[in-house]
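As given in Swiss-Prot:
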DOMAIN    20-299  domain 'Protein kinase'
BINDING   VAL26, GLY27, MET28, GLY29, ALA30, PHE31, GLY32, LEU33, VAL34, LYS49  ATP binding site
ACT_SITE  ASP141  active site, proton acceptor
MOD_RES   THR171  phosphothreonine
MOD_RES   TYR173  phosphotyrosine
Amino acid sequence: MAEFVRAQIFGTTFEITSRYTDLQPVGMGAFGLVCSARDQLTGQPVAVKKIMKPFSTPVLSKRTYRELKLLKHLRHENIISLSDIFISPLEDIYFVTELLGTDLHRLLTSRPLEKQFIQYFLYQILRGLKYVHSAGVVHRDLKPSNILINENCDLKICDFGLARIQDPQMTGYVSTRYYRAPEIMLTWQKYDVEVDIWSAGCIFAEMLEGKPLFPGKDHVNQFSIITELLGTPPDDVIQTICSENTLRFVKSLPKRERQPLANKFKNADPEAVDLLERMLVFDPKKRIRAGEALAHEYLTPYHDPTDEPEAEEKFDWSFNDADLPVDTWKIMMYSEILDFHNIDQGNDAGQVLMEGGVAQAHQNYA
């Protein structure tokens, strides 16, 4: 029977099963605290993410449910994988994943990257994106701190809490500004998998230069910086802008010509610059796709078309438009957790869990 132990981390109570020991804080986000730990069952280091107050609002409940569903569905070498999930007696949710030693943000702030590492990291990012996009998922928040790396240079994309369905009417304002695609800033709608390619291009440029390519102070300044390098958006892109205020702002900017990226990236290989040119394109319809980018000459040392898999089936987004109360999201979440642990929802464990005795159910059947 699983026992729960409590520890105070940054003033936050971590309440986890005794399977996990040696808790050490490694990161704090808007929605959760992440600690490293040792899995007593496997002897391996793991990352334990506590989702803060997952059932406090319907929005948070839905966000947590979405992240859980995605982590269960996405199984790929370059995507973080879920090894355990449980709900504590206090009804906090904990995701357990593999632990990687660092992230790309930390690497980039510590030293310049050599060419072969830039190539290998970009290859793995695009390999992961090809799979994610084939599942009908857009990450939406790709940035260096969401790209985890271990001592063998294996790379995994994490944090799918903001991920969304591929939807031509996709709305919202989500990714960290420096890596945000212009169509998100320009229209707040009608964006798709191409936003991740733009973000990957910004990350690629940062690996080449050692600093962010478009470090905007706010979204107005951000867009202005982008046009200084890439020129004024073409008319057909401007025509997609739905907001009158945004349209006025874009038209008020001075006309600018696209600058050759070779002038800015003087030390980069021509193949690297060519791929970057294809990733950082204003018109998302003309932006290179992940599968095409993997076949680009720059990534020839790593490209293997027989080992760049797509998802076997599309992710089921049928829940995403649902406007449900917290209790319903909670029951759906419990059901997913039971499914993850291969517990039959019709047996006693399922009944106890569905009736709210989640901690007891976990203790008896973990």
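Cβ from N, Cα, C; glycine included.
Here the features listed in Swiss-Prot are placed on the structure.
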residue : record           : Cβ contacts under 8 Å, 6 or more apart
VAL26   : ATP binding site : VAL34, CYS35, SER36, ALA47
MET28   : ATP binding site : PHE10, VAL34
GLY32   : ATP binding site : LYS49, LYS50, ILE51, MET52
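According to DSSP, ASP141 (active site, proton acceptor) sits in a coil region rather than a helix or strand. Model confidence over the domain 'Protein kinase' (20-299) stands at 89, taken as the mean pLDDT rounded to a whole number.
Note on ASP141 (active site, proton acceptor): other Cβ atoms within 10 Å of its Cβ, all shown chains, come to 21.
Residue environment of VAL34 (ATP binding site) contains 19 other Cβ atoms, counted within 10 Å of its Cβ in all protein chains.
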